[in-house]
Amino acid sequence: MSDKTNDDKTLSVNPKKTLTLKRPGVEQSTVRQNFSHGRTKAVVVETKKRKFSRPDEKPEVEAAAAPKPAAPAAAPQQAPASAPVSASAAQASAPQPAPVKAPATKAPAAPSAPVTKPHVAQQRPVHQRPGGQQAQRPRPADRSGMVLNTLSRSEMDARRRALEEAQIREVEERARAVEEAKRRAEEDARRAKEHEESARRQAEEEARLKAEAEARRKAEEEAAKRMPQPEARSERRDDARPAPYGARPQQAGRPQGGRPQPAGRPQQGSPRPAPIIADAAPIAGKPLPQSQLRKPGQSDDDDDRRSGAARRGVAAKPEVRAPKVVKGEDDRRRGKLTLTSNLEEEGRSRSLSAMRRRQEKFKRSQMQETREKISREVTIPETITLQELAQRMAERSVDIIKYLMKQGQMMKPGDVIDADTAQLIAEEFGHTVKRVAESDVEEGIFDVADNESAMVSRPPVVTIMGHVDHGKTSLLDAIRHANVVSGEAGGITQHIGAYQVVQNGQKITFIDTPGHAAFTAMRARGAQATDIAILVVAADDSVMPQTIESINHAKAAGVPIIVAINKIDKPAADPQKVRTALLQHEVFVESMGGEVLDVEVSAKNKINLDKLLDAVLLQAEMLDLKADPDRTAEGVVIEAQLDRGRGSVATVLIQKGTLHPGDILVAGSEWGRVRALVNDRGEHVKEAGPAMPVEILGLQGTPQAGDRFAVVANEAKAREIAEYRQRLARDKAVARQSGARGSLEQMMNQLQVSGTKEFPLVIKGDVQGSIEAITNALDKLGTDEVRARIVHSGAGGITESDVSLAEASNAAIIGFNVRANKQARDSAEQQGIEIRYYNIIYDLIDDVKAAMSGLLSPERRETFLGNAEILEVFNITKVGKVAGCRVTEGKVERGAGVRLIRDNVVIHEGKLKTLKRFKDEVAEVPSGQECGMAFENYDDIRAGDVIEAFRVEHVSRTL
């Protein structure tokens, strides 16, 4: 159907094409793809226009099955001429996927260039005919149109995720761009501020230099007025006067959009610097840089060529430098200090303090003032370093070293000098000296004078001494009315006990000792803790070796003795025999015409215990024992141990003053604050007066038995004293170890004094009869060189006191049918004491015999091998002298001992170095054969000498 219009245009409708609506924002074009074997395919290409939206908006979803509108005649899209109508219709009716937002790149509205794929025909525009029909090329019969497959849901999701990630990245990039712009703005502001500060400082520097130049000019004018000179010379000097140094042009700023102007180039409008004369003197107060200093022998040409300095009379060009980064106020003190930066022209200026010191020094030099010498009192210890001495004298260590160099001693500030040298140096420098010693820290601690008006009577301190098993602890148990023995393992005293009893309203302090070893240690440390010694002697056993030792210890300590004759209840008791035996050791009892009190007692039946206590009080009254309870406490350590629950526990005896909880005391090389005071009954007390034994808790370490203690003012003093004593103990230990090696003379003297070697033993058995048998057998093993010494023997198990006694005597412990308790085993393992157990007496005797044999020096046996006569002596290079010998008797072995005999006199004894026969090293040479011999480290051999060969063997000796 067709109609005609007035302008003769025909309106027509194509019956083969469906009327569709045009999708907005979509342009179509068809591309034909060629494949192998002549196959082709038409592909419809849609170009979508991107719709910009905000990030928070959701994409609009178009209808999937919307019909595609027909392309109008005026549309700019392109389609191939051979595209069939059916294909276009099918493509238009196909469902379209929902549009998704494209990336931020804007797509072109229509392709402006042809497709460049190979074998693809050039696209041509579609021309409309007057009748409205589109001109189409005839389609080949074997070609058919195909429609592209739609995207699956997973592909759509992947594409959507990619686009969302791209949007997120876009937002992040936009934020980063904003931050970068902000940072750049701040950096520009900072640089502008730095530039302003640099310009201000440069202006101040120029003003200062200008003022200095003006002042110098005025000074020169004044000097010229005072010293008249010829006019021509004055004019010449005025012409040659250099411009102020450092009057450089101002540093150019950083222009925007242009290249920065060099710092050394003068700006426009600024005054040019005056010419600088090369030979002009540098400005006072600011020396020339090193680059402008002329070296010896350097000419003007070298200056012009190398350093760029101006020739004489010619203005020097200012040096062009690279723009320098100016640091801000915060960065001024940061940066690396190098030689280049330090030697630049604009060097580091002096500080205000340095300028002030320089001005004061200049004024003093002008006025010729001398600084007064301040005399100080210098405290000089036993040793001091030069640096510390200089600090105490307020002198420079360099001056002290110079003085020592003049005296011929090359020393360093860290060298240590003695007190005499330090005193000479201090007096030479005009100071007074106060000599002190390290031991001065202990001054004022002990032996402080007591207040006689405050002296009161104190209880006596009594020590019970005597032989083992004579009843010392049983006697003390009977006096205390407490069963102490039953609480001890095996009935043997394990520790030193200190107790206090009351008799007739008066207190008596008793100290029980397990043997003489502990009392010896206390006496050796100077502990005069005992006022009265009770010598316990068994009436049935009389005087024994340890009884004699106890008598000697008491006499050495200057302690009065009271003899207690114990066990008088036994049938075999003979007290008179005891008194007679004591006469041999200069102990004269009253019944024998002496002054020593004696009391017959029985600890088991508690007989005459009151008489013994009365004798003690009588002796104490004769001694008139007094003490000052109001002064600081002093005393002695009776025993000390490390308790698992309470820490370091020390049993002490207060001798002077009163001890309170909270006091700070020093005991030997240990110190601490008293946390608690416990008496002998286990009760906590508030104070401990003179002659009162207490346990102290709170020490930092465990002191030694016999150490003296004293209360000090503060912890610093206590720590100083403890450190000094620890250092002194270390020095003594080192000296003891170095002296133990000693010289041969000391070793011979020690052998001469000690005499025979002793093998100390502590023997414990099940019954007394076994112990006596073992003791008798060991006594028979002794010789003139070695013998067994029984330190202690007794019936019962091995206790901790036995281990302590063995440790003090360096003895071994032997147990016969007995065992050690756990405390004794732990103590022995800790102290390294060996404990051996035996059940057969013969095994015990054999082991002791073998151990004692080890103390015997081995026997040296010498076996004669043979003689050789030297026939001729050869001097061989790199070997020395070699003796050509003939063996005349026996044989000669390599490595054997030899003696060189000349005129029947032995002149050398040594070993053979080589033994050869016909240039071959041999082990031995028999009699009648010739050989060559060389000695070790000896060459004085002559023809006719006789060489005697022998073998030495060391044979161990047995008892």
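For all residues, glycine too, the Cβ spot is worked out from N, Cα and C.
Taken from Swiss-Prot, the feature GTP binding site applies to 466-473, 512-516, 566-569. Per Swiss-Prot, compositional bias 'Basic and acidic residues' is recorded for 1-10, 154-225, 232-241, 318-333. Summarising the annotation, Swiss-Prot assigns compositional bias 'Polar residues' to 27-37. Feature annotation from Swiss-Prot assigns compositional bias 'Low complexity' to 63-118, 128-138, 246-284. If you look up Swiss-Prot, you'll see 1-374 marked as region 'Disordered'. Swiss-Prot lists 466-473 with the feature region 'G1', giving similarity to another entry as the kind of evidence. Per Swiss-Prot, region 'G2' is recorded for 491-495. Look at Swiss-Prot and you will find 512-515 tagged as region 'G3'. If you look up Swiss-Prot, you'll see 566-569 marked as region 'G4'.
A count of other CB atoms within 10 A of each Cβ picks out Lys472 as the most crowded of the binding-site residues Asp469, Lys472.
Residue counts for the region 'G1' (466-473) under DSSP (helix as H, G, I; strand as E, B; rest coil) come to 2 helix, 1 strand, 5 coil. Within its own chain, Gly466 (GTP binding site) has Lys472, Leu535, Val536, Val537, Gln546, Thr547, Ser550 as residues 6 or more apart in sequence whose C-beta sits under 8 angstroms from its own. Around the Cβ of Ile568 (GTP binding site), the same chain contributes Ala539, Pro575, Glu600, Val601, Ser602, Ile607, each under 8 angstroms and 6 or more positions distant in sequence.
For the region 'G4' (566-569), residue counts in helix, strand and coil come to 0 helix, 1 strand, 3 coil, using DSSP.
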